[in-house]
């Protein structure tokens with residue numbers, strides 16, 4: 001089972017990577033992937049390479065490829081000189097508890 | 001570097017012809033209804049009605065379902081579609097087969113055209129079954145939705161083979177059983193085997209996905225699978241080997257409880273959904289479920305009044321609820337939950353995050369879905385009323401409403417299919 005980092009636990013350096021990911025929207029739910037809780041972890045290594053560990057709401061999500069492309073695109077615009085690694089995991093699988101309060105509001109849960 | 005396997009969505013070039021042709025068939029279906037409304041007041045075994053029913057079941061329902069299934073099989077099986085070539089071949093066979101069969105039924109030409117059309121449809125259903133089984137087999141995950149999809153594909157092959165035998169029997173009688181009895185078996189194979197089980201399986205995957213439901217239990221779906229199949233098998237065996245009798249009502253109750261189990265499962269997802277706002281596509285889908293319940297509710301009347309002229313009227317009401325209410329309703333709703341995303345992926349997958357792109361719902365006139373739902377309800381109720389009261393004028397008005405609905409739907413589908421990429425920096 002992979003590590004899941006809470007939003008408050010990101011370092012300022014990781015936070016800079018997280019911020020552009022708010023622009024990647026799930027086209028079915030109209031909620032960004034951070035508030036949807038799809039981002040499990042962000043790591044920036046000593047060579048400034050970026051490792052994103054993330055998931056989808058369901059395996060083989062029909063919109064999965066476009067979400068991955070969105071993550072790559074926003075990070076390449078923000079950090080053109082850095083390498084981006086994306087590790088997709090379903091361990092643990094996504095669950096509604098992963099939604100942030102903002103995400104819940106967007107889905108009219110609150 | 002990317003370490004992931006999201007699964008490859010089948011190319012839209014494979015999926016879109018099914019949607020385009022299915023939409024065309026819906027227009028043809030409504031034109032045929034406008035052309036021959038009086039056929040709805042005759043006995044159900046009349047050439048025009050046979051043509052209309054097969055346009056609805058194969059050209060419209062099965063065509064769209066094949067396309068949607070090829071798109072969704074990877075999601076349900078968690079494995080890439082096994083063969084794109086088989087999918088494409090099944091499209092050409094189904095399309096050509098439907099044209100030949102419907103024309104032959106409408107003009108009642110019992111001969112090689114009808115048999116050739118039927119044979120092509122059998123081949124299309126076989127290719128579909130092979131693709132379904134091969135796509136589902138390598139998946140380590142065993143899920144009830146997959147069993148529904150496989151069983152429905154098996155029932156489809158069974159349905160089309162019996163249909164082909166019926167077509168041959170019309171020109172060269174060889175059945176030891178009454179043709180009309182086999183026709184009843186053919187109809188229920190298609191409805192309770194193919195459509196019901198396919199829709200049960202797919203909806204039990206898609207509805208939780210669209211509503212973001214966190215209900216996990218599958219006991220209701222397991223019950224639905226066993227009871228729907230048990231009811232159908234017992235019905236077929238009883239009618240074929242012993243004969244049509246009041247016992248069919250027992251098998252109806254068994255299969256009906258199977259339907260109820262599925263609806264309970266959907267209701268659980270509805271209650272435990274995270275996405276509170278229900279969009280119009282899902283409202284249309286839930287309205288279609290009501291039509292299914294109403295349709296099942298008419299079956300006892302079909303049987304109990306079969307000796308009188310009323311039995312035929314109730315058969316028409318049953319068929320109308322099932323084909324125009326349930327199957328058409330669910331397609332009208334779910335088209336706009338699937339097709340815009342397929343086309344959107346084609347145009348914007350590589351652009352998302354780089355430039356401002358429209359959302360899938362911006363690819364068509366989403367505001368029209370409200371009118372589509374309203375017109376669907378009006379058209380269905382008018383048609384049922386016309387058949388129940390045997391008023392040709394009401395049926396005529398209803399068929400024009402259906403044509404209006406088909407034009408509205410076709411326009412919106414056309415908007416999606418012919419969408420041009422639009423971006424702003």
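From the backbone N, Cα and C atoms, a Cβ is placed for every residue, glycine too.
From a predicted model like this one, the values you see are computed outputs, not experimental measurements.
Per TrEMBL, transmembrane segment is recorded for B:12-36, B:48-73, B:85-106, B:112-135, B:147-171, B:191-212, B:224-242, B:248-266, B:286-305, B:368-388, B:394-418.
Note on the transmembrane segment (B:394-418): residues 16, 19-20, 23-24, 26-27, 29-31, 33-34, 37-38, 40-41, 324, 332, 335-336, 339-340, 343, 363-365, 368, 371-372, 375-376, 378-379, 382-383, 385-387 of its chain, located 6 or more positions outside it, place their CB under 8 angstroms from a CB of the stretch.
Against the transmembrane segment (B:48-73), the recorded stretches B:147-171, B:191-212, B:286-305, B:368-388 differ in Cβ pairs under 8 Å, and the greatest number is found for B:191-212. Within the same chain, the transmembrane segment (B:224-242) stays apart from the transmembrane segment (B:112-135): fewer than three Cβ pairs sit under 8 Å, each pair at least 6 residues apart. Residues of the same chain lying 6 or more positions beyond the ends of the transmembrane segment (B:112-135) and with a Cβ under 8 Å from any Cβ of it are 58, 66, 69-70, 73-74, 77, 79-83, 86-87, 89-91, 93-94, 96-105, 149-150, 153-154, 156-157, 159-161, 163-164, 167-168, 170-171.
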